[in-house]
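S.K.: What follows is a single structure, and I will ask about it in a moment.
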Amino acid sequence: MVVARTLFSISATLIIFLALFLHVNAVQETREPKHESSRNTSTVDNLSDGEWHEHAVKDPEEIAAMVDMSIRNSTYRRKLGFFSSCSTGNPIDDCWRCDKKWHRRRKRLADCAIGFGRNAVGGRDGRYYIVTDPSDHDPVTPKPGTLRYAVIQDEPLWIVFKRDMVITLSQELIMNSFKTIDGRGVNVHIAGGACLTVQYVTNIIIHGINIHDCKRTGNAMVRSSESHYGWRTMADGDGISIFGSSHIWIDHNSLSSCADGLIDAIMGSTAITISNNYLTHHNEAILLGHTDSYTRDKMMQVTIAYNHFGEGLIQRMPRCRHGYFHVVNNDYTHWEMYAIGGSANPTINSQGNRFLAPGNRFAKEVTKRVGAGKGEWNNWNWRSQGDLMLNGAYFTSSGAGASANYARASSLAAKSSSLVGMLTSSSGALKCRIGTLC
């Protein structure tokens with residue numbers, strides 16, 4: 001009897017072990033890879049119209065649930081008194097800013113993204129590269145120690161700066177894949193020349209930079225990687241130009257006064273989060289989508305969260321075409337023409353924002369449909385949920401009201417618009433100092 005019980009126990013143990021082994025292998029075999037190839041190629045040219053982009057988010061409701069959990073955890077920690085001196089309820093900031101040793105754990109930032117660009121790892125898995133030289137004399141053979149030398153490298157890099165500096169670029173700064181530009185701890189300005197181009201690449205993080213007074217440049221040779229340089233025609237003079245790229249996160253930058261747009265994302269770009277930025281003194285702030293006829297932008301998914309649209313802005317906060325756009329918990333304190341516009345049937349999901357209309361009684365409307373009559377745009381899915389309208393502001397909704405129509409334009413759980421002031425209180429490039437809370 002004892003022998004029989006012993007054999008039974010051993011058999012049961014082996015069965016449990018085998019079941020666990022098979023389960024682990026199944027998980028490993030079905031789990032999607034965390035990283036993609038850093039090969040600098042375009043996926044846009046290989047897509048047929050209407051084909052879903054490989055980097056677009058196929059289950060945004062899952063993302064919303066994940067981000068909702070992070071927000072709830074952030075709120076729960078505040079209620080318990082954790083990080084009470086710095087926590088704001090902003091899930092991105094609460095993820096890293098309460099750490100006094102943030103400068104020793106810079107790459108933790110890559111785990112704090114939310115929304116459609118949440119998988120942008122930047123240079124997390126690479127070395128640190130310290131920019132020591134603000135010059136930019138040769139866009140084809142850049143000098144080691146310069147920002148241009150760093151961004152063209154083929155390997156992943158987390159790029160930081162040795163000291164405060166103003167970088168005036170001679171030609172557009174064309175970034176290679178898997179790069180983070182991290183301006184925390186110093187005061188870095190990219191100003192008075194060309195600015196940033198994110199073209200046919202993936203996994204880019206741009207954080208903590210002052211970008212302003214960008215000029216049109218071009219008709220010159222410019223290097224885009226260690227092995228390639230080529231002729232560039234005239235660039236528009238955008239602050240950040242995103243072209244045919246995916247997994248992009250633009251966070252805590254201050255942008256103003258550029259020749260064209262402050263941030264443009266076009267030509268099949270997707271999986272983008274624009275968060276915690278401070279935008280001022282500009283006409284056409286953010287363009288999302290190339291042209292009405294470029295239907296490959298139907299795959300575009302962009303999250304715009306916790307930004308402050310401030311003094312001197314006129315329009316395009318953002319201006320959307322074709323794709324899916326989640327505009328959530330932003331603070332709109334200034335516009336002269338309109339705040340959110342679009343054409344070519346974009347889906348716009350506006351949630352928990354604060355809109356303060358200008359004094360001009362003809363500019364109170366938040367929204368603007370471009371190039372279409374009411375008979376056409378009345379079918380476009382644009383909705384406002386929980387937005388706070390001040391000084392006569394109003395949002396003209398259209399399309400179906402059912403939540404299912406906004407699934408692909410949902411990327412995180414909105415907080416109450418009454419909290420927007422707190423959520424956006426630190427928008428723009430932060431004045432972090434090493435050894436203290438940021």
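Every residue, even glycine, has its Cβ placed from backbone N, Cα and C.
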S.K.: From the candidates D236, D251, give the one listed by Swiss-Prot for the same Ca(2+) site as D260, D264.
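M.R.: So the Ca(2+) site in Swiss-Prot includes D260, D264 plus, from the candidates D236, D251, D236.
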S.K.: Residues near the Ca(2+) site, D236, D260, D264 excluded, by Cβ within 8 Å of the Cβ center?
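M.R.: Going along the sequence, the neighbours come out as A235, G237, D238, S241, C258, A259, G261, L287.
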S.K.: C-alpha of R316 (active site) to C-alpha of D264 (Ca(2+) binding site): distance in Å?
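M.R.: Between the alpha carbons of R316 (active site) and D264 (Ca(2+) binding site) there are 10 Å.
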S.K.: Please report the number of other Cβ atoms within 10 Å of the Cβ of R316 (active site).
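M.R.: Total other Cβ atoms inside 10 Å, all chains included: 27.
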